[in-house]
Amino acid sequence: MVLKVFFPSCCSSAESGILIGRWISEQNSAVVLAVVHFPFIPVQVKQYLSELQRVTKVNVSVLGSWNNSKQEKEESLSEFLEDLGTIFSHEPWIQISKEGDSKFWSCSTLQKRSNNHREEEIILVYYDQRKVMLSCLHPPLDTGASTAHEAEDASRLSAIFDTVAKSKILFMTDKYDDGPIKLTHWQSDGVEASIIVELMKQASVPACMLLTFLLSLISGACKSRMLKFWPLSFLWSKLSTCEQLSHRLQHLQVISSNKKAQNQTQLMRKANIFVSLLIDVALGILLMSWLYRKNRIGHLADTLIPVADHVAEELQDLLQWLMGAPAGLKMNRALDQVLGRFFLYHIHLWISYIHLMSPFIEMILWYVGLSACLGLTVALCILSDIVALLTFHIYCFYVYGARLYCLKIYGLSSLWRLFRGKKWNVLRQRVDSCSYDLDQLFIGTLLFTILLFLLPTTALYYLVFTLLRLLVVIVQGLIHLLVDLVDSLPLYSIILRLCRSYRLAAGVKFRVLEQQDGKPLRLLMQINPLSYGSVVQTYRLPTYSCYPKDSWTSLCKKLFLGELIYPWKHKGEKQD
């Protein structure tokens, strides 16, 4: 059977001593964690290992001996290291020896019961202890390509990664400590630390407490009874800005929570939310500084009124065209004039409303620009709400045309069933047979004829205003797509994948270092990072959906039947 020994590359130049680590019997593998140097007292080593097992919950033991002949030149050293196997009860006893300046190492196992060396194939695998400890091994995604064999390999690798990660406390001692045991591992020359990081940790505690208190006050104010009355509750549910502010408030509550992250996924989620908030606010401040520089707010306000007037004039020209003979089509003259004048009256009302608000437009935009300090997403949501308010007359035209068209479609379908001797059973939700008398058939024929000849005029108005409404919905949908992109993109994970790719491990690969007959095969274990697509798919933040609720078939059916197409953003729908 093949014996696999995972040896940390940082211990290759360590002085002679004993190997401590974990023996994984299911895989016939040994994971070496550190080397204990001479001199040491075996009782103290056993006490240290028992304390380490209690804290880390990892079965750490003495696996064997390590002989660096370049450092130790006594001939009896190898015999002494072999005799240590009688003190530390572990089977098999692994003996690794570095032969001077040679690049080949000798590795053997000793069975204490038979007291002889076992001649078995041994694979010596070097690994970077720091990278393995800091990395997080991700299981294969649930795809059709993933097989049971790949899942088994992932579970074997996770045992090795978990062993190194859980033994973090072992790496907190260095050679400068005054303890009775001297170890060699990746932090032997000094424990990695950062003064800035430690100061930020100390300062984050009171900052999080203050932020939690402020957020509790804001959350309590948002849940007050005043906001549940009709006008405020209606605005809160319809405005995208209110939804985005509520969404960001939840993010702030997650970040400022005193509850410690239980696993790597929760920790990465907090980090992604924190970085997303920072970048969002930074982009918002940049936008705000750009708006208030060179009086761009005033120029925007001066441009907004002429644009609104131009849109109104174009709508008036469009209605005048529809009231004539559009594209050579012969419309119902009376209905055409009634609908055209009705919509023209609304346009006149809208122009009066715009000119009434024109003295206050610059002041409104000035205060709206200040909201960009809350983040770019809040500014984009305000832009979406402004587009909805500026195109409210188009929405009204669409609703009028859709309701009138829908009434005629359902009237024609009901009268068509009357001709065939059918009727719609409301209780059983099905079409049943029915007998009609002559008067009912005569009135039905008249109504069907009237509705059928009036349908083209109504359908033309409905088609034009539906296209305008869809144009506005597409613009709002693109804005919400950009908002959801900023909200859901795991920026911290992407930056981590770019700068320290080993932190997000998808698997490992092995590179052959040396291979010689009679010597153990030496491999170098390297970490395969996750692809950028897998990083986004794994750590994508939940966000409010901004996609159509219905399929394309259902959407086309609604358009044909004249049912209302509401904005794409629906409150309360989240997408993971």
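Each Cβ is built from the backbone N, Cα and C atoms, and glycine gets one as well.
Here is what TrEMBL records for this protein:
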- 203-222: transmembrane segment (TRANSMEM)
- 273-292: transmembrane segment (TRANSMEM)
- 338-357: transmembrane segment (TRANSMEM)
- 364-391: transmembrane segment (TRANSMEM)
- 397-419: transmembrane segment (TRANSMEM)
- 440-464: transmembrane segment (TRANSMEM)
- 470-495: transmembrane segment (TRANSMEM)
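Same-chain residues lying 6 or more positions outside the transmembrane segment (273-292) and placing a CB less than 8 Å from one of its CB atoms are 248, 251-252, 254-255, 300, 369-370, 372-379, 486-487, 489-492, 495, 541. Here the transmembrane segment (338-357) has Cβ contacts under 8 Å with residues 305, 308-309, 312, 315-316, 319-320, 322-323, 392-393, 396-397, 400, 457-458, 461 of the same chain, all six or more residues outside its ends.
Nonlocal intrachain contacts for the transmembrane segment (470-495), taken as residues 6+ away from its ends with a CB within less than 8 angstroms of a stretch CB, comprise 240, 244, 247, 268, 271-272, 274-276, 279-280, 283, 376-377, 380-381, 383-384, 387-388, 391, 394-395, 504, 532, 535-536, 538-546, 565, 567-569.
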